[in-house]
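Structure first, then comments.
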Amino acid sequence: MTKLSLLPLLTLASAVLAKQDAFQAKCASFGRKIKLPNVHVNFVEYVPGGTNLTLPDNDVTCGASSQVVSADMCRVAMAVDTSKSSQITLEAWFPREYTGRFLSTGNGGLSGCIQYYDLAYTAGLGFATVGANNGHNGTSGKPFYQHPEVIEDFAYRSIHTGVVVGKQLTKMFYKEGFDKSYYLGCSTGGRQGFKSIQKYPNDFDGVVAGAPAFNFVNLISWSIHFYSITGSNTSDTYLSPESWKVVHDEIVRQCDEIDGAKDGIIEDTDLCQPVIETIICKPGASDKTNCITGAQAKTVRNVLSPFYGVNGTLLYPRMQPGSELFASSVVYNGQPFRYSTDWYRYVVYNNPDWDATKWTVEDAAVALAQNPYNIQTWDADISSFQKAGGKVLTYHGMQDQLISSDNSKLYYARVAEEMGLGPEELDDFYRFFPVSGMAHCTGGDGAYGIGNGLRTYNGAEPENNVLMAMVQWVEKGIAPEFIRGAKFSNGVGSSVEYTRKHCRYPRRNVYKGPGNYSDENAWECV
């Protein structure tokens, strides 16, 4: 190759390098330009793609000391005052390969943890992305104690503040600003997405809200009420994880083939009404490893029953069958659920010594009457969001061990009734996808890889990625008829055993054939 023929390549390389240098230079000087009310910049740094970013200030309970980032980006870390006695920690990640889209991430549990994995995921897809710590640090509810401003941040203010500041910074950093704004969150993040829809309908064009923790106060009470059913691990009513496996296997035996295929996955839990008495140990049985006692059978029946309040009002629907193996270690483990204990101690009763083992349904009434800052997130009239042109795509794993997928079905029904809209009308702006074989936000026995985060990624194509499906809906008007999930052989990044199209509610998946259950085209939404 002659020197002359090298010139175009050198020119191209120089242009690329200049673009990179210009981006780095813009990032280096950006902090000096930020002069927004109540915003205190901690640092601004350029982070090249491939960096394993260390997070020394991340609370140890958040469980993340580092995060690999895939895209070149400008990282802005700041604190934002939300009142005279409260503030949020906020980060904005601005990718060099920017698509003109703004996005806010959410949180989980009671946590004050920036979800760096979601920042990395969405920045890698070209979104200008923000994430906040919800107004406190760590996963404990203790920061709520005698600090109503912190509770208010957690209830709604952290997300909205991050959106307002994040949009301003995005317009400052990119001369083109942004065209559309999105939200991605699951669990508490799902609740935050719906809170934005209900309270700030103009914040987002598209909201992807998974396994939403709305009906929040009753969810807190429902989660702790399992202890009153199971008792401690020395109680006759307690089931060990091994016993729960016996229960789970029997539920799958009874309900698996209702959808037409024997694949270990329950496609529609509404049709599953298991009879647990079938596995009560026979009198005098010497081998009790594959059966349970009558007292334990009553426990299972109560666990799989709706949760009612003191006056007989439904507070929370049943735990959906099929989640037993995942739930046995977190809510059926013979201890009061930790997040619920914290909420009652530090919010409801302002008493760090409150004894969670003494909880009764009367306590649920006290908590619901309190409902600070309407954290319930249970408003069924979302017409303002509809009128603003917003779209919401919500999904919920039907093996969810922490938040019953039946609660998402209940909210869907409440919206339909409150707004007087049937499924066809709701489909214009609100689509709900139950995901068979998916546990809480990720994991599970089935095709849970829907692209709602790094741990479920199976490609960026809209048909394989729930976030990009939302982008296509907002920007091209192509609404998702299904969301495709991938069944991984050994977690994300491993081989895909099969894919399945998860149906839009209220449709359900039925195996029609021909072909194996692993063929997604052998299934039909009816």
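Backbone N, Cα and C atoms are what each Cβ position is placed from, and that goes for glycine too.
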Among Cys62, Cys74, cysteine joined to Cys27 by disulfide in Swiss-Prot: Cys74
Rounded distance in angstrom between the Cα atoms of Asn52 (N-linked glycosylation site) and Ile265 (Ca(2+) binding site): 37
Non-site residues, in chain order, whose CB comes within 8 A of the mean position of the CB atoms of Asp256, Asp259, Ala261, Asp263, Ile265 at Ca(2+): Glu257, Gly260, Lys262, Gly264, Ile266, Glu267, Tyr511, Tyr517
Of Asn233, Asp263, Ile265, Cys441, i.e. the recorded positions, those within 10 Å of Ser187 (active site, acyl-ester intermediate) when Cα atoms are compared: Cys441
Entry from the disulfide-bonded residues list Cys27, Cys186, Cys255, Cys441 having the most other CB atoms no farther than 10 A: Cys186
Count of other CB atoms lying within 10 Å of the CB belonging to Asn516 (N-linked glycosylation site): 11
Cys62 (disulfide bond) to Asp263 (Ca(2+) binding site) - Cα separation in whole Å: 36
Asp256, Asp400 as recorded positions, winner by CB count within 10 A: Asp400
Spatial neighbour of Cys281 (disulfide bond) that is closest, considering only the recorded positions Cys74, Asn137, Cys186, Asp263, Cys503 and their CA atoms: Asp263
